[in-house]
Every structure is written in C-alpha cells, then in structure tokens.
Amino acid sequence: MTRFNWFNATTLTLGFAFLYLPIILLMIYSFNESRLVTVWAGFSTKWYQSVFSNESFMNAAWVTLRVGFISASLATVLGTMAALVLNRAGSFKGKTLFTGMIYATMVMPEVITGLSLLLLFVSLDFTRGFWTVTLAHITFSMCYATVVISARLVTFERSMEEAALDLGCTRFSAFMQITLPIIFPAILAAWLLAFTLSLDDLVIASFASGPGATTLPMKIYSQVRIGVSPEINALSSILIAVVAFGVVTASLITKQAHAKRMKEEQQAHSST
Amino acid sequence: MALADITTPSQETEQASVQGSGWRRSLLIAVPYIWLLVFFLAPFVIVLKISLSDVVLARPPYFPTFDISEGWQGFVAMFQAFDLENYVWLTEDTLYLKSYLSSLKIAFISTMIALVLGYPIAYALAKAPKEWRSTLLMLVILPFWTSFLIRVYAWIGILKKEGVLNYVLLWSGIIDEPLTILNTDAAIYIGIVYSYLPFMILPLYAVLEKLDYSLLEAATDLGCSPFKAFWVITLPLSVSGIWAGCFLVFIPAVGEFVIPDILGGSSTIMIGKTLWVEFFSNRDWPVASAVAILLLIMLIMPIILFQKQQEKQAEASQ
C-alpha cells in the first residue's frame, strides 16, 4: 500500500474539495471589485483598505487579541496543572468529579455554557465586559489545554523523572528540568489551541460580554446577519491567513522539536 | 485519539510515589479544581435556581433573588418562592417541544450524512501512503482551526439564489431555474456536515489506521468479495470509531445556534436558537434557564454513553 488507488484518490480529492472550496471562494471574492459578491468585476484590494480604515473593526480586533492572549496564557497554566493532576497526582477524593468537569465543559453546548456563566456574573454582580469574557474563555479553553497536555504526559516515560528523583533532584526541580522541557511542545500547542478557540468564539462571548467589549466574532456576526459583504470577506480572509500561518508554523516547530529530541535520546542511549 | 487518553487508568500507587504528597500537591489539585467548581459547576446550580424563579421587570430580571444578609430566613424564603411554572409553560407552548424534536431530527440526519461522507474519507486517509498521511491529516484538521463563524458564513455566498452553486448549475445546464437552498433545512444540513466533518473523520481514521489489513487479505484469499470483506471485517472492527464520530457530531449539533441562525430560515426552529431568542429578544431569563436545563437533561445520556465508550477504547488500546 505505497500508492494511492484511484478510488481513494478520488475520495480524498472530493473530500478536500468540499472542505476547502468554500474558504477558497470566500478568499477569491474578497478581491472582487464589485460590491455584489457573486459578480466578478475585476481584481481589487479596496475592501482590505476599507477593513483597515474601519475603526470599529480595529477596536474589536484589539479587544479580541487581548482577550485571546490573556485567556490563552492563563488557560495553559491551569491546563498544565490539571493535566498533571490527572496523570501525576495519584488518586484523591473527587477525582471523578474533576475528570467529569473537564470532559463536560468540552461537550457542553455553547448556549448553555454562555447562559450559565452570564447568570453567574449577574449573581456575583460583576460588571460584564472585557474581564467577564476573558474569565469565560479561560474556563472552556483550559479543558482543551488539559487534554492536549495530558495526551503528551501519558505517552512519555516516567523513568526519566524517577531517575532525576533518585539522583537527588527535588520534585520541583525534576519537573522544571525534565518534565517541562519534554512537554513543552504540547504546552505550546495547547496555548495556540486556546488562543484560536478564544479568537473564534461567538456564542459564549455574546453572553458573557457587556457594552464596550465587542469581540471580532460578535462584530462579524452583527454584519453577517445583514448579509454578505465584501468587507467581511476581506476581514475573514485576513483571519484565515493569520490562523493558517500560525498553525502551520507551530506544527513545523513541533515536528522539528520532536526530531531533535529523538536524536538526543538516541545519542544518550548509544553513549551508555 | 486524545480524548481517550485522559481517562487512561494508570498505576496509581506508582504515581503517588513520584508526586508524593504535601502542600505542593494539594495546591496543584486545588487551583484547577476550585476554578472549575466556581466557573463550571456553580453556574449550573444558578441556572437551575433561576429556572425555578419567576420573571420580573427588574434588575436582575428574575425573582426571588437570594439576599445573603437575610441569612437562613432569606434562604428559606427563596425556596418557598420556587415553582415549576416555567417547566409547565414549556409543555404548554408547542414551540418548545417542536424545537427539541426538530433539533434532535436535524442533528440525527446531519450525523448520518457526516458518517456516510466521512467514512470513505477516513478510509482513504488510512490507506494513503505513509509519507503522505501526516500532511493529509493536517489538512483535515486545519479547517477546524479557522473560525467556525467564517466557515458557516462562506456558505451564504455559495447557496443563495444568485450564488456560486446556482451559477455553476445553471451554466452547466443541469437546472433551468435557480434552486432555493439558503434559508431551508437543506442549508442547515450542509452547514452542520461541513462544520463537523473533521470530528467524524478523525476518530474513524484512528480506528481504521490500526486495523489489521492482513485479515482482509486472508478473507480475499478465501474467496470473499471485496465488498463482503468490507462488510464482514472492516465495518465491525471500526464500530468504536463510528460511535465516537457520531457522538462528536451529534452532541454539539443538537445545541447548535450559529448554523440555524445564519443558514436556516425562520421556519426552522432549533433549541439553541430558541434559547437565544428567549434570552436576548424576550429577555425571559427564567424560561431560557428552563430550556437550558431540559436541553442538558436531553444530552446527558449521549454524553455519558460517549464517555463510557471512550473509556472502553482507552482500556482496549492498552
């Protein structure tokens, strides 16, 4: 099975066409001169200019980036802790509840998560806005971060940590010197995932936000309800390009780190 | 798949010796635990409480509110004011029952379509040359990283009356008159299948990739036709992947809001949309909470089944 057979090749071509054509069409039409989205009237970058000169888009983008940065960073810290709890802390009272909450957060319909968080903020008398959206995003993205980091913790050999402890390392320094470097690519991937999730979220942000903190998806949504516009096409294309670039770079970094580690491990084995 | 990994039961005693005990361990457990209790579990208790309250024109727009300064008396008074009025209301107005049923129907049909489309793609991925696989797999995952909202929005330009699809179909002479697809149920199916297809493909791929293909060769050697071999061997061995994929598509599809709102018409009601309207347009927070609680009850069974199935898979892979 080293070659594609025609059936599998056709299936994959059709499958990927289905997955990618809508996005590609959207990007093509973002360069359309005409405001009528389906009539091609020549190449133009004017919609990109109008996106960058639109102050409300830029404000929303700035809010979104700040929410994404803060929530992804805190979610990664909490997710790393939670992953260690699941894989390294042994058993304790209420572990089932803990695992259950992590799973449930991920599969919960967004409308329910959004509604419940909003009602919490109202009960606590929090002013809704930037920080409530950030808190909401930390909560759901930390669970995805936990799963990503956990997957890495499960597969790596604990013998190295044990060796460090045997050689007199404290637990904390064993974690800093052995565990952390090994799981670092997973932590990076978790941060990126958390950041993208925050960047994408419409439903939870709509519930958790208040006046003055409109995120980019909320802004896009209010425009989309009116109909298709070339500005939204241009804005979407920018977002897609940024995310695609980030993801591809991250996966290349991870691949390189993996190859380097394999090489080092091999060297370590051969020198003994 | 990654979801299966975190339930992997491991050697607890050995772990305890690695991590030891002490305040650092307690702190490690306490911080994420308390976070989830406060921002995940507590909100549900509040939703439950408000679903039993009455709507009032005030801030916040529900009654009773719990006043901590009244102590136990206030607590008792709050409980006495609770009633199931909102739930009774949900059964009286057929809108809600219709919303639930139509959500289940749409989610089910979309899941089936996603399975039929996703299976051959996952199969082709699993059989692709090894050096191609990781790239192809990344191509499946990549759309998942781009904004959900944008991917749904992209379909408006394709499906609307003067959109790309009608243009191509008219131009090629397949149809004489433009089809109305946008703002119908068909558009919702397309939207859900498109958005969640990677969730179907990935668990199927995970199972199909590990499949022992020598079994298939043995079957063909013994005179089995390729079709029958698939039916008797491949399909039964990939059942766990089918279940995982179906749950991953079905559960979020039931509560979906963005797709029916953007692609669906006003005649299609789904429960996520009903909840949204109840909350944002009608500003009836207690009824919205009751809708949420019932949606949750509806989804608890599939969620538990999914978790059980993941645990079984994790055990099997050890």
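A Cβ is built for glycine as well, from the same backbone N, Cα and C atoms used for every other residue.
Here the structure is a predicted model, which means the values were calculated and not measured.
Record features (TrEMBL):
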- A:12-31: transmembrane segment (TRANSMEM)
- A:60-86: transmembrane segment (TRANSMEM)
- A:61-253: domain 'ABC transmembrane type-1' (DOMAIN)
- A:98-124: transmembrane segment (TRANSMEM)
- A:130-154: transmembrane segment (TRANSMEM)
- A:174-194: transmembrane segment (TRANSMEM)
- A:232-253: transmembrane segment (TRANSMEM)
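Contact between the transmembrane segment (A:232-253) and the transmembrane segment (A:60-86) is not supported: fewer than 3 Cβ pairs lie under 8 Å, counting only residues 6 or more apart in sequence. When Cβ-Cβ distances below 8 Å are used as the criterion, the transmembrane segment (A:60-86) is approached by residues 98-99, 102, 130, 133-134, 137-138, 141-150, 153, 183, 187, 190-192, 194-195, 198-199, 205, 213-219 of the same chain, each at least six residues removed from its ends. Tertiary proximity for the transmembrane segment (A:174-194) is limited to same-chain residues at least six positions away from its ends with a CB under 8 Å from its CB atoms, namely 71-73, 75-76, 79-80, 137, 141-142, 144-145, 148-149, 151-153, 156, 160-161, 164-165, 246-247, 250, 253-254, 257-258, 261.
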